[in-house]
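These come from Swiss-Prot:
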DNA_BIND  505-595  DNA-binding region
COMPBIAS  1-28  compositional bias 'Polar residues'
COMPBIAS  293-306  compositional bias 'Low complexity'
COMPBIAS  316-325  compositional bias 'Polar residues'
COMPBIAS  327-338  compositional bias 'Basic and acidic residues'
COMPBIAS  439-460  compositional bias 'Low complexity'
COMPBIAS  700-716  compositional bias 'Acidic residues'
REGION    1-45  region 'Disordered'
REGION    286-340  region 'Disordered'
REGION    389-410  region 'Leucine-zipper'
REGION    423-427  region 'CTBP1-binding'
REGION    439-466  region 'Disordered'
REGION    650-669  region 'Disordered'
REGION    679-716  region 'Disordered'
ZN_FING   347-372  zinc finger
Amino acid sequence: MMQESATETISNSSMNQNGMSTLSSQLDAGSRDGRSSGDTSSEVSTVELLHLQQQQALQAARQLLLQQQTSGLKSPKSSDKQRPLQVPVSVAMMTPQVITPQQMQQILQQQVLSPQQLQALLQQQQAVMLQQQQLQEFYKKQQEQLHLQLLQQQQQQQQQQQQQQQQQQQQQQQQQQQQQQQQQQQQQQQQQHPGKQAKEQQQQQQQQQQLAAQQLVFQQQLLQMQQLQQQQHLLSLQRQGLISIPPGQAALPVQSLPQAGLSPAEIQQLWKEVTGVHSMEDNGIKHGGLDLTTNNSSSTTSSTTSKASPPITHHSIVNGQSSVLNARRDSSSHEETGASHTLYGHGVCKWPGCESICEDFGQFLKHLNNEHALDDRSTAQCRVQMQVVQQLEIQLSKERERLQAMMTHLHMRPSEPKPSPKPLNLVSSVTMSKNMLETSPQSLPQTPTTPTAPVTPITQGPSVITPASVPNVGAIRRRHSDKYNIPMSSEIAPNYEFYKNADVRPPFTYATLIRQAIMESSDRQLTLNEIYSWFTRTFAYFRRNAATWKNAVRHNLSLHKCFVRVENVKGAVWTVDEVEYQKRRSQKITGSPTLVKNIPTSLGYGAALNASLQAALAESSLPLLSNPGLINNASSGLLQAVHEDLNGSLDHIDSNGNSSPGCSPQPHIHSIHVKEEPVIAEDEDCPMSLVTTANHSPELEDDREIEEEPLSEDLE
């Protein structure tokens, strides 16, 4: 069937290629023969057609064979990668039609062809068969050659891959050998030079010692200047008559440098050797105009330790300036020993207008000594910072007075006096004990979030103020109905933005905050996790130490009866019983012992303090004024002005706080410098601050949120 279809396609194509001219001519000849013999016209025409078709098929086959022979001779040279599957297709296309014996008999019977023509056809067929055999043999040879070439190429590729792998292995081995040799060399060097590391460590230690010596000299010079300025201030106050010195004491001698094994000449020589360029003379310091006060903490790049810093014994200074100075020195030395600095934080220099990035503390010290040395630019920056501090302290004193007036208005009612309790004296005239002068007072450390207002000392002996000298003003507790309708958010809401961004502990108890969280919700009920999320969302302080304050929240929820646990679809939720909450607040004031209630006039304020406050007061004792009858109504205003000039924090002095002339103080009276406590009381019985205690009756009001449970992390 394949051969027949091939012959048909070849005949059709040859007829289309050669045209219809030959066919038409033979048809014309057949028609002429048919005219002569009409009986055999149809037979002749069919025989001629068959004969023509066979001839055309043979011619087409010969042409194809010739073309393929020429292309076959060129193909092995041009395209060696020819596929062997193309060979049988071309052979099948070239196979001509073979005449079967049956077809021969039919042709003889019909007498279409003569015997000569048949012989010619047979010869042609034999020639075609020979050509086909030759072509098949040729194509077989080509296929074998292609297979051989492919095999050779594959072998070459495998050999190349093996060679590459061998080269890579050799390179890896060489690298390993080099690394081993380097390690051996390093080990040999370490064995040969064991003292190199020790030398490097010694060099680092020497550099650190040089930096420490440089900072020590600078600190000592600053201390000298501060002492001189303090002496000038005290002399000016003495001339004005505000401070009097007992006759047994000298007139404020100038403190010399500490005896740390170095004389002033040696210290000056050491300073010149360390700095090299910036040689500092005493005259240069005086004419340089460097004005440093005790409150300028930014210019004090101190690195003194407890061994190097001298125990300075200051004399009577207005309202606790000496203790503040000592506290700052102690805190600065503590920060230096802990590899920290006031001017260094989060890898950035905090010098005003600098903000240079320092990777470690050593690099910061180099930057500080190089860029911020004692020159005109640093001196000018220091003066600007002093002015900033002065303005802020003036603003702070004004705000404190405003707060005091607000608290006086809110918590005291002069129209309804209560004669039994006596308010605390604001200013008392005391004499300084010699034993107190020998030991330098230690002040409590200050924090930025707890503003300290040193309050004038309170005697432990008989009260200096008589009932006639002070108006009998008591605090009348307001009823709950006065403030029952005012929402709690009116006290917390104004400070939301501050507490949301600043890491400051809010001045409210856990109970108050939990109640506020529940009251702010839409359905007045919250789950425990929702309360936690309200705390962290509202206050930046609660975004750390989660475990501690969460325990305190759970403790408050289970402790107080005003918080009710309700089971619903969401689970366990907490609600607030407002009546129980208000009842609890009233019981808290009436049931707890007051601080100064029913104290006889023969007892001092120290006898009524609780244990925790007494311990705090014992640590922060400071002598103040030294003569009775010194402060009067006229001098209170002068003290206020002096307090602003000294950058201090003198509290507002009541004009009625003059001492009674009839009472004389005892010879040995311990004056107490009280650090103003943070807004949150450390104990329920403790007052929220000494300002409120001094301005109010001991019966503290019940509607102050801080009087409730302390907001401390100790509740677990």
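Placed from the backbone N, Cα and C atoms, the Cβ positions cover glycine too.
Owing to the predicted nature of the structure, the values given are computational and were not obtained by experimental measurement.
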Per DSSP, what is the residue count of the zinc finger (347-372) in each of helix, strand and coil?
11 helix, 3 strand, 12 coil
What does DSSP give as the helix, strand and coil breakdown of the region 'Leucine-zipper' (389-410)?
22 helix, 0 strand, 0 coil
Could you put numbers on the helix, strand and coil content of the DNA-binding region (505-595), residue by residue per DSSP?
54 helix, 13 strand, 24 coil
